[in-house]
Structure formats: C-alpha cells, structure tokens
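Record features, source TrEMBL:
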type: DOMAIN; residues: 62-401; note: domain 'Amidohydrolase-related'
type: BINDING; residues: Glu143, His211, His232; note: Zn(2+) binding site
type: BINDING; residues: Ala154, Asn235, Ala236, Arg243, His272, Leu328, Ser329, Gly330; note: substrate binding site
type: ACT_SITE; residues: Asp294; note: active site, proton donor/acceptor
Amino acid sequence: MPSNKSVSDAPIAQFTNCRILRDHRLQREDLWVREGKILNPEKLFFDEKGSADIQLDCKGSIIAPGFIDVQINGGFGVDFSLATDDFKSGIKLVSQKILSHGVTSFCPTLVTSPPSVYHQVLPQIGVRNGGAHGAGILGAHLEGPFISKEKKGAHPEHCIRTFEAGAFQDLLATYGSLDGVRIVTLAPEIKRSSEVIQELTKRGICVSLGHSVANLSQAEEAVQHGATFITHLFNAMLPFHHRDPGIVGLLTSDKIPAGRRVFYGMISDGIHTNPAALRIAHRAHPKGLVLVTDAIAGMGLAPGRHTLGQQVVEIDGLNTYIAGTKTLSGSVATMDTCVRHFLEATGCSVETALEAASLHPAQLLGIEHKKGTLDYDSDADFLMLNDSLYVQATYIAGEEVWRQDVLGM
C-alpha cells in the first residue's frame, strides 16, 4: 500500500456510499478526513500518493455539516441565565445532549438579567472546541437587557436598561466583560445605540436587532452602523405594516450597504411562526435565513414548570408560556426538529433546509471557512442523516461523538 507518511502519520478515514452536501447540492462522492479536517482526495492521491487507512460504509446516508445553534437559552433542566454553583457542569450537560440533535457548535444565550448574573456567568462560558465531551462553544449570545419594554416578550421588565451618558461604557459595566461574547441583541431605537453598535462591531461582535419597536429607517441605520442579524424574526417586534414594515422590512431593503448580507433567525417549531410567515420570509430572502431553537431549560423534559432566567415558565405540549400568561417564552424544539419542520413548511430542498442550520449561521459569524460546510480543509464536524433528516450519527473533528442506538428509534 502506498505510504501516507510524506505529509502526516495521522490515519485517513474514507466515508463511502454517501451523499455529501457540498456546493449547495447533495453529491454522490466519498468524504475523506484526516486530523479533524476534510481532505481533498485529489491532493491525497496525486501529491501524497496516499490512501485510506479506515473505510466506513455510510449505507446511503446523507452527510451534512454539523448544525450551529446561535440562540439556545438552555435545555435538559439547565438555564444559562441562572448563576448557579454548578454552571459549568450544566453547560457541559447541554453541550453533550445536543449532539444527538445534530448540533456541533452553539452560542449559549442569556436573556435579560441583572448585572450580577452576567458578571458571574460570562467568565464561565469559555470558547472551546467540540469533541466527545460535547458541542463546541462559539461564544455567548447576550439577548438584552438593552431592549424595548413594549416588546420585552419573556424578558423581565425590571432588568431592562437603556444607554445613559456612558453608552458603550454602560454596556461594559452591565456585562462586566465582552470576553467570549459573540452576539448581542439590542433594540436599535434606544438612544445612542448607533455608537454602541459601531463599538461592538469593531470588536468582532455580531449585533442583532430584536425585542424592538424600531421602524424600518431605524433598523436600516443600525445595519449601516454594522448590525447583521435579526433575532427571531416576527417575534417581539412590530408586525409587518405596508407603510412601515419595521425590522421585517430589512429582508427586502435597498438601503443595505453593498456587499453586506442581513441574516435573520427563525424559530421553526410550528408554534412561534405560522408556516405561511415562514414561507414569506424564506421566499423574500432565502440566503439570510438562520434556524435557531431559542430552546429553554425545559427542552428535553416533561411538561410542567421550569425557569427562563428570572421568570417561571410553563410547558404545555410544544407551547411555553410565562407562568399565568399566554406570552410565549422560548421553545422546547430541538434543532433537528426545526430543520424537518422548515423543510415541510416551506417545501424547500433538503439542501436548503440543512444549510439554514449550518452554512448560514457560520456565514453570520464569519466562520464559514472552517464550520458549516464540507469544503476541503474545513473542520470535519458533520452529521449522518437518513432521507427524512433524522440524525443517525454526529461527528466532531472527524471523530464519532454520538450514534443512534439501532433499537432507539
């Protein structure tokens, strides 16, 4: 057998009998992996004269990039917005459990909280690679507290803040630190938000617009200052109006700076957004759609009472409400469920549904050169799925980290 030693001693794995999602379409070809990266087989054959050390028969499965969830508040009894003594073990539990739902990277999300919670929790959310221990952490998503009281949703009103004389310094004082922060959701109509958006963007932090009563021109101004995301489109914002479509109007705005794309999150759980609204958004701006779970601590648990930060929420089937109200408060949907519902609701292609949970969130965060694709040299974070898009196995850095028990379906 020809030697692989010229470049690396690491074993080469060849995944055969599969359809790979590459270049926006499912292609019948093999996937080659070495040292946690996707290999270019032509370079392997012709430059290195190498071959596979291990062959795995995928039995006709789809191989797609691992899902990336940029808005997840917790799950399996763990609430990321609660400062507990065992916070690190909680985040580890969630990162382990979401592997079975195809999530290989995520942004732990904190809802509007008192400064003391940010100061305690944020230092414990370290950016780290995924592996057998669980999905990778890309950084925190801070949803609030600089939001609109009128569109607070499930966020506690007494913790909502505005920018005072210090503007960006107020934000820093509230959060304590921006180390490990990846996304900040704020309401762009708040005074002095433009300078805050510019400062966050300068630091490589993604600014998202949400929980807001902004009109379209305020939303466009925020995008011109660097905002690139919309938090759970249609939820916690002014409804679409034909004379002023509000934040929703960004999907077809002609005021977006050249070369910039606005992305928007959708909770495709069949509860938060009517399938017709999902179809409208997707048809208006398909390349900006990012599937998010917005999952809360009750995801994966039985119906009943759970927490979302400072609030008590009740789970009734797939509905989650602030206790004693009909205000929706996050979801209990898993990412693979959202992908399947999106596919069914929109009638889009399988490739489009998978990219909404992988490629698009990676593009939003500017990491598409290593995550969210199966391009050569990208991270070998991928899923094996059946034709109905149920996850059969999850791989991170080319290593199997979860597999469906044959008897478990």
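Yeah, the Cβs are placed from backbone N, Cα and C, and that goes for glycine too.
No curator has checked TrEMBL annotations; they are predicted automatically.
Over all protein chains present, the Cβ of Ala154 (substrate binding site) has 24 other Cβ atoms lying within 10 Å. Remark: His232 (Zn(2+) binding site) has Gln71, Gly210, Gly265, Met266, Ile267, His272, Val292, Asp294 as non-local neighbours, by Cβ distance under 8 Å and separation of at least 6 in sequence.
Counting every protein chain shown, the Cβ of Glu143 (Zn(2+) binding site) has 28 other Cβ atoms within 10 Å. Largest CA to CA distance in the substrate binding set (Ala154, Asn235, Ala236, Arg243, His272, Leu328, Ser329, Gly330): 30 Å, whole number. Of the chain residues outside the Zn(2+) site list Glu143, His211, His232, Gln71, Val111, Gly144, Ile147, Gly153, His155, Thr185, Ser208, Gly210, Thr231, Asn235, Ala236, Asp294 have their Cβ within 8 Å of the site's Cβ mean position. Counting other CB atoms no more than 10 Å from each candidate's CB, the binding-site residues His211, Arg243, His272 peak at His211. Ala154 (substrate binding site) and Glu143 (Zn(2+) binding site) are 11 Å apart (CA-CA, integer value). If you count neighbouring Cβ atoms within 10 Å for each of the binding-site residues Ala236, Leu328, the highest count belongs to Ala236. In terms of local Cβ density within 10 Å, Ser329 ranks first among the binding-site residues Asn235, Ser329. Model confidence over the domain 'Amidohydrolase-related' (62-401) stands at 97, taken as the mean pLDDT rounded to a whole number. Between the CA atoms of Ser329 (substrate binding site) and His211 (Zn(2+) binding site) there is a gap of 12 Å. Looking only at the binding-site residues Asn235, Ala236, Arg243, the one with its C-alpha closest to His211 (Zn(2+) binding site) is Ala236.
Summary for the recorded positions Asp294, Gly330: the Cβ-based neighbour count within 10 Å is maximal at Gly330.
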